[in-house]
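A.B. asks: Copying in the features that TrEMBL gives for the protein in this structure:
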- His255: active site, proton acceptor (ACT_SITE)
- Tyr25, Arg165, His255: glyoxylate binding site (BINDING)
- 78-80, Ser107, Gln128, Tyr130, Thr156, Lys231, Ser253, Arg258, 286-290, 309-310: FMN binding site (BINDING)
- 1-360: domain 'FMN hydroxy acid dehydrogenase' (DOMAIN)
Amino acid sequence: MEEITNVMEYEEIAKKKLPKMVYDYYASGAEDQWTLAENRNAFSRILFRPRILIDVSKIDMTTTVLGFKISMPIMIAPTAMQKMAHPEGEYATARAASAAGTIMTLSSWATSSVEEVASTGPGVRFFQLYVYKDRNVVSQLVRRAERAGFKAIALTVDTPRLGRREADIKNRFVLPPNLTLKNFEGLDIGTMDKANDSGLASYVAGQVDRTLSWKDVQWLQTITSLPILVKGVLTAEDARIAVQSGAAGIIVSNHGARQLDYVPATITALEEVVKGAQGRVPVFLDGGVRRGTDVFKALALGAAGIFIGRPVVFSLAAEGEAGIRKVLQMLRDEFELTMALSGCRSLSEITRNHIVTDWDAPRAALPAPRL
């Protein structure tokens, strides 16, 4: 097999290796999948304004997220049911993230439990939470995540109902029989069974609370001292309310284009959300990042860091833990090169002036400095 030289190449390998039902579950978006394509395409409408003749012999990519120092502003988003991709599933992801010195977010719907993931060794980990109708289940889960040493809760807020993912309907998607949603094992709630459409859609309809509202964000703060990241914000209005509701941070996300189709790409919505947050909490970007150039563009538009989802499951399917390590290393190397070629030596030097977008007003030429 010839050498893999970029993140995108893993998707083709995963497609060949995985059963159709599994690949389609990971790869597809909602309905027409317009937003799925747009999450990628929107990055190509942002161009660089590199600054030259700056000493870039030393480049520092380290940053701090909720007080935790990480090696780079590239983190792992929550993706469900990773053992469908590879037998080691979330264990491999946890080890790869830890080795890279970055943060992994574990999905509520993981095929490994919070305790199992914690047992892989040290590392900063966040826990993604779906709020179930049974609030005792929610309280138990949050307590277990705390006890297992997870450092934050990423509350998914864009899924009162599951988006219409037609591939899953056609495939009658269901969790393979050898796997379980480990965090819910032994709890008396429904399982994901074969349904007339998507087994996951039926499961969500039965279990996930459609009444979820801002007051529940405040309720969560009464049951945990962990910081809460609100994941799924796309507007300035909701950014403001998130801040007022006590969120410790915001993740701009459209759920990998799997929920409401025809929402903007997250990179397009990012700047609006950053303005709405008014610098009071960090804003992160989730969705469409496949290159180090994408990471730079997100930071130039005000993101404090980014999360990758599909690249993790595709590289996991292709090469297990080694695949995820390679994805993190490739993105790191590309991002470092982008910084160097743009004339930025640290994240604080990446500014809005380093990019131009197709929604910018035409730029008036600044007078040349007198030398």
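Counting begins at 1 with the first residue displayed.
Note: Cβ is positioned from N, Cα and C throughout, glycine not excepted.
Looking at the shown structure, can you explain where the listed features end up?
C.D. replies: Residue density at His255 (active site, proton acceptor): 24 other Cβ atoms are found within 10 A of its Cβ, drawing on all protein chains shown.
Note: Ser107 (FMN binding site) has non-local neighbours Pro78, Thr79, Ala80, Met81, Gln82, Gln128, i.e. same-chain residues 6+ apart with C-beta under 8 A of its own C-beta.
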A.B. asks: Count the Cβ atoms, other than its own, that fall within 10 Å of the Cβ of Arg165 (glyoxylate binding site), considering every protein chain shown.
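C.D. replies: There are 25 of them.
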A.B. asks: What whole-number value in Å do you get for the largest C-alpha pair distance within Tyr25, Arg165, His255, the residues recorded as binding glyoxylate?
C.D. replies: 13
A.B. asks: Here the binding-site residues are Pro78, Gly309; which one has the lowest number of other Cβ atoms no more than 10 Å from its Cβ?
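C.D. replies: Among the binding-site residues Pro78, Gly309, the sparsest Cβ neighbourhood within 10 Å belongs to Gly309.
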A.B. asks: So what's the mean pLDDT when you look at the domain 'FMN hydroxy acid dehydrogenase' (1-360)?
C.D. replies: 95
